[in-house]
Amino acid sequence: MTDKKILVLIIDRDNDIEKVTGIKTPIIGKDELLKAAIEFAKLSPEDSDLNVIFAGLQLLEKLNNEGVKAEVALVGGDESDPVKGDLRIKNDVEKLKSSYGLDGAIIVSDGTEDELVIPVIQSVLPIVSVKRVVVEQLRGVEETYILLGKYLKKAIFEPRFSRIFLGIPGIIILSVVLLSFLGYLQYATLVIGIIISGAMIVRGFNLEEMIYEYWASSPIMFVSSTVATIFVVIGAILFFYTLSSAQTIYGVGAAIENSSPVFGLSVFSVLIGKGIIKLINRSIKVWRDIIGMILTLIFIIAFMRLGDALSRAEGNTTLEILKSAVFASGFISILLIGVGAAGLLTIAITYIERKYIEK
């Protein structure tokens, strides 16, 4: 191990040290890190990151005394964008490795959140060990209140915590108030369960970062997809609510008739978003989305007529009622005409596009 050069790497994933002191990360070397620690101690003496810095400096001194070639550095991420922050940490570690000829790293951190970046670092530099710094706290009542106040301040003013501790309870309270005002307070437990489970799913599967990336790649499609999702949810609620009020074949007809336009609007939202992007890019292929909208409109009409006919059809069995509704509504003929017309339009426009426009 003495032949290898080790980096004592202090992780500050939320970049508190740069944010508080204004000193840009990475901070490299014992002297520079000590200066940064003193400055940080003046401005935020209670922060656990301070203990992590001194733990890193202590580890550096210990390694040097044992004859190990070692260097120390602090790298910071990004509080508002974890993906961007992890990429920044990776780039900084790559530069440190090439500049100092490092063979491995010892990670120093104060918790599991900072340690989430370990796989990123490991892709650049072998990790020899991980040192987690646990800050000892006094157990008196007064100190407990001070500690609670500190965490409460974090929960209110730091966005990564306030979204969970303030945002979700705020949505729950607002939902209960609205349900009470509308006279649907009996559904409060169901709504609260949906909100909490939804938040757990988003955090558990890291959907938040995926949503940020989707928004960054295409804001128009993000908005149109969000609107489409809302319409799908409304359509599903409308369908099952109508169905539950009359649990018969006639209720199915009413549910289809009422929900078809809403489901159609969800498809329209996506097609409009794609069409806008093609118009911005001046792409002639916007006609495909227009044909898609026409076809969607035909499907809406067909299903609405089927639902209307189904709710008024007569017959002794469910199969007879269904046959009567299908033929009375002209469901099959409308779909065949619509699909056929869309197919012919597609063939004709594709031919014109290839023969004249592309040339």
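Cβ atoms are placed via backbone N, Cα and C, with glycine included.
According to TrEMBL, the protein carries these features:
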TRANSMEM  161-181  transmembrane segment
TRANSMEM  187-207  transmembrane segment
TRANSMEM  219-241  transmembrane segment
TRANSMEM  261-280  transmembrane segment
TRANSMEM  287-306  transmembrane segment
TRANSMEM  326-352  transmembrane segment
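Annotation: stretch 261-280 has the most Cβ pairs under 8 Å to the transmembrane segment (219-241), among 161-181, 187-207, 261-280, 287-306, 326-352. For the transmembrane segment (287-306), the partner stretch with the highest count of Cβ pairs under 8 angstroms, out of 161-181, 187-207, 261-280, 326-352, is 326-352.
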